[in-house]
Structures are given as C-alpha cells and as structure tokens.
Amino acid sequence: MTRVLGIEGTAWCASAAVFDAETDAVFIDSDAYVPESGGIHPREAAEHMREAVPSVVEAALDHVESNWGDPADAIDAVAFSRGPGLGPCLRIAGTAARSLAGTLSCPLVGVNHMVAHLEIGRHRSGFESPVCLNASGANAHVLGYHNGRYRVLGETMDTGVGNAIDKFTRHVGWSHPGGPKVESHAEDGDYVELPYVVKGMDFSFSGIMSAAKQAYDDGTPVADVCCGLQETIFAMLAEVSERALSLTGADELVVGGGVAQNSRLQEMLTQMCENRGAAIYVPEPRFLRDNAGMIAVLGAKMYEAGDIISIPESGVRPDFRPDEVPVSWRDDEAVARPVPTDERRQGAEAVVDIDADGGRVTKRRLEKAYRHPVLDSRLRSQRTRSEARLTSEARRQGVPTPVVYDVDPDAGRLVFQYVGDADLKTALSESAVRDVGRHLAACHAAGFVHGDPTPRNVRVGEDRAFLIDFGLGYYTDAVEDYAMDLHVFEGALGGTADDPTAQITAFEDAYRSAGDGAVVDHLREIETRGRYQ
C-alpha cells in the first residue's frame, strides 16, 4: 500500500506529515509562525520556514523509522505544496521536498494547496462529488468537479475571508490570528448591520471591513461589531454555498480552510444543509488549518494515478489556482446533476410551487434559520421587492420575463406567470445563450442589473429565452456592475457546461451587438481579480 511523506509551507505553517494508505492513518507535525505584532510579514514567515521545515521533516522521518523502518524503503513518494502561497515560503518547502525525494530515491509530487483542502474533506467523508467551500486566510471560494477539473463556482473578488477579519482585528489592536478573538467577543455582542455583498455566487469583503472599522471608530462596542461581522460574512459564505448546491443539484458539501474552525460558521453551514436535505462534512481541526496531512493524502492519490513531477518541472507557483489543476486521480461523475422537474422545486432562496395547467408559479422566500433574524428579514423583503420591480421593468424594456400577478414583501411571496419549458441548465443552446446576451444588454441600457444571471435563472421556451429571479438586481449606471452580470453568467456556465467556450463566445458576441462593448472589455479586467489570477 502507498505511503507518502508530505511537506506544507505555503505561508505561516511549516508542517510535515506521513500518510499510510493501508491504515488511513495520518501523522502530522507542525510549527506555526506567530508574528509578534500585526499580520504575517513575508520575510519573517520565510525565516520561520527556513528554521522550522527541517525539524518537522525530521519528526516525520522519525515516525516512519519507528513504525516501518528505513524511510528509503518505507516511503513511496514525497509530496509538497507548490502553491498558491508566499513565494519565499514555497521555495523553502519545495527545496526541502526535492532534496528529500533525492535522498530517498523516490518520486516527487507537486500538490495544489487549495485542492488539498478540498480533497482531505472528500477523502475522509466518503462523499462522491461534493461542492466544496474553502474559507481560509487568503482565500474564499466554492468549487465543484466537472470534466476533469475543479471549477470555481464562486469566489472572493478582493481579499480572502481570514485576511479580511484580520484587517479589522489589527485596526482594533489585537494580535494575529484575529479570527478566534472575533469569535470570542461575538458571543457577548449584539448584531449590528454591515454591508452584505453577494453577486451571483461571488462575494466581496473589503466594504464590510471598512464599515466595521468605521463602526468601531464611531464608538460601537467591539463585541457588537464582532457579532455583526461574523453574522454578515458567514451568512454570505453559507448563502453562496447554498447557491452552488442549487445550481449544480448536488447534495453534499465539504468545508475546508482555517476559518472553517469557527463554530458559528459550522453551525450556519450545518443548518443550511439540514434545511436542504444535504449532507455536510467538516474535517477535524488539524485538517482545517494549514497542514501537511492533506498534502500527503492528495499526494498519495496523485502518485497512484502516475501524476508525478520531475525536478526541472517542480518550480513553485505562488499564483496556482485550483481550476488550473488537471484532476488525474478521479474520473467519476461531475458535481452538476439533473434538475428536478416536479411541481415543487427548492432553489437557493425559495420554494417554488408550479401550477403549469393554471399557468402560474408561486415563489416563497423562506426564512433562513442560519441567518440572524434581523438580517434575514431585511434580505427577504428587499429581494422580494427588487424581484417584482425589476421583473416588470425588464418586461417594459422588451426583455421576455414573466408577468408579476401578486407580491407580498413581508411574507417573501410572489406569484408569476409560468414561462418556458425548461431552464437553461438543462436546455443549453447557442441560440438561448445569445438571447441572454441581448436581454442583459437591454437591462443594462435601461440602467439596472439582473444580479444573478445563472443558467438556473433563465427559462427556455420554444422560440425565446426568459429571464427570471431578479432578486439580487438593482439600479446602477456603473460599467463595473454591468460587467459583473456577465462575469456571473460566464462563471456559472464554466462550472456546469461540458464545453462552455463556444457558448461564452456566442454570449459575448450577442451582448456586444446589442449593447456597450466597453462592458465586455471591462469584464476582462474583472477576470484578473479572482484570487491568484
């Protein structure tokens, strides 16, 4: 059976581990860098890595020798984190891995750190094809497997979730890491309103941090700000995870990353999954924070698939995105599943009852138990009003949308005309995609965005495509906001379609022909903002 020694050194934690596939046992030895003040300084982190990596590797080798004898005979491969991360730290860990592989005369495996966060949860849960939420210091994204790669279904458009929280705690004067301190203070606080920024399945944290700092400076008790911070950020992560489950039809969620150690976040995600009838797996804390155990486990899967790397090709990649990794170790089904066609459907936000014979659809935005009641009530009412208003506005602009028959914002209830025969996810065609491009161009020309134009929010009829669910839409004259509409649609296509390239080209061509080409040009700039672009 396979036995792999893994080395982790992406940023702050020097770690070495041994994974024995026969027993599924994982030995981990770690030495984390703790700055004297402020956040992580790359030079100091690299100095720590230089001192700590040899000692954790030695501990791993001692473990091998005491259990299986000579490491040269007992170890099948050495795996290391190639990225993403801090370049100086990655290079130290990479050098150690190359040297050790040479000493042991065994193959070298280069692992993507973020995919390892996903795979350790999938490995230990036994899930077939889950959606994964990674919530760590420098990252926040939702992934799903499709056609040989993990696709980014949603991600932060600015800073990582942990780094965002740390920026607030440094402003307050607390030492690193800030997350546990926010969690502790939030227990004694009352909710305060902060910006809630979800765009399709992407999110942004910079505005929340600025508002939290301002609230603290204005005299709001720090415990209250911490409570508002947790309730807002973690509700965003839970909502986007639910949107990904709804988009793909998946019923499994795995969670990774150090921020996921937060008990309130785990509670929110568990409540969300229970309400959907989905299974959730949160690894034990030693596998959530940065660790070499996940590197060794994924390294073993890659080694068994023949996915090894030569020394000349083993350079580190500080900007190594998870969707760049060819997934050589699995060939099972994609995360995208068939969409139910029964008369009652559960989306990310609402339950929809369909009366096809009567030509009506009743949509109810249900209370979300995972969200703070004040936040939940505000979002449900706002989104119901926006959906009714913008659905009708789009129709006035010549965009095919359902007629709104009734609306009750306080109850989160709308009654619509039943339109289309299927949603775009199951009836994908170039002509329908072109319709979406033209429809969004018309909305933008009238000064508003859809907000969540995924394939699930497009209904396809015999001769046209209809836009539905404008709940995240709003009035705006910003090219940035128009381009985000395009980004959301293309990201959802990329995560669920077998070959999205032709559809994306048709979509952009149609948008350019009917709208402002500057929006498509701005889309290219937005695409550089995702983590490690």
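Cβ coordinates come from backbone N, Cα and C, glycine included.
If you look up Swiss-Prot, you'll see 1-329 marked as region 'Kae1'. Summarising the annotation, Swiss-Prot assigns Fe cation binding site to His113, His117, Asp290 and lists sequence analysis as the type of evidence. What Swiss-Prot lists as L-threonylcarbamoyladenylate binding site is Asn134, Ala135, Ser136, Gly137, Ala138, Asp166, Gly179, Glu183, Asn262. For 338-533, the entry in Swiss-Prot reads domain 'Protein kinase'. Marked as ATP binding site by Swiss-Prot on the basis of sequence analysis: Arg345, Gln346, Gly347, Ala348, Glu349, Ala350, Val351, Val352, Lys363. Taken from Swiss-Prot, the feature active site, proton acceptor covers Asp452, and the record attributes it to sequence analysis.
Features as recorded by Swiss-Prot, highlighted on the structure.
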residue	record	Cβ within 10 Å
His113	Fe cation binding site	28
His117	Fe cation binding site	31
Asn134	L-threonylcarbamoyladenylate binding site	29
Ala138	L-threonylcarbamoyladenylate binding site	21
Gly179	L-threonylcarbamoyladenylate binding site	20
Asn262	L-threonylcarbamoyladenylate binding site	23
Gly347	ATP binding site	17
Glu349	ATP binding site	25
Val351	ATP binding site	13
Asp452	active site, proton acceptor	26
#### Entry: Residues that sit under 8 angstroms from Ser136 (L-threonylcarbamoyladenylate binding site) by C-beta distance, when 6+ apart in the chain
Met114, His117, Gly160, Val161, Gly162, Gly256, Gly257, Gly258, Val259, Ala260, Asp290
### Query
What count of other C-beta atoms do you get within 10 angstroms of the C-beta of Asp290 (Fe cation binding site), across all chains shown?
25
## Note on the structure
As a whole number of Å, the Cα atom of Asn134 (L-threonylcarbamoyladenylate binding site) is distant from the Cα atom of Lys363 (ATP binding site) by 31
### Task
Would you mind pulling the DSSP three-state label for Gly179 (L-threonylcarbamoyladenylate binding site)?
helix
### pLDDT averaged over every residue in the domain 'Protein kinase' (338-533)
92
#### Entry: Non-site residues, in chain order, whose CB comes within 8 A of the mean position of the CB atoms of His113, His117, Asp290 at Fe cation
Glu8, Thr10, Ser81, Met114, Ala116, Ser136, Gly256, Gly257, Asn291, Met294, Ile295
### Query
If you run the three-state DSSP split on His113 (Fe cation binding site), which class comes out?
helix
### Task
Please tell me which one of the binding-site residues listed here (His113, Glu349, Val351) sits closest to Gly179 (L-threonylcarbamoyladenylate binding site), measuring Cα to Cα?
His113
### Message
Tell me the Cα distance separating His113 (Fe cation binding site) from Ala138 (L-threonylcarbamoyladenylate binding site), rounded to the nearest angstrom.
### Response
12
### Query
Over all shown protein chains, what is the count of other CB atoms within 10 A of the CB belonging to Lys363 (ATP binding site)?
23
### Query
How many Å lie between the Cα of Val351 (ATP binding site) and the Cα of Asn262 (L-threonylcarbamoyladenylate binding site)?
29
### Query
Glu349 (ATP binding site) to Asn262 (L-threonylcarbamoyladenylate binding site): how many Å between their Cα atoms?
24
### Query
Taking only the recorded positions His113, Gly347, Asp452, which one has a CA atom nearest to the CA atom of Asn262 (L-threonylcarbamoyladenylate binding site)?
His113
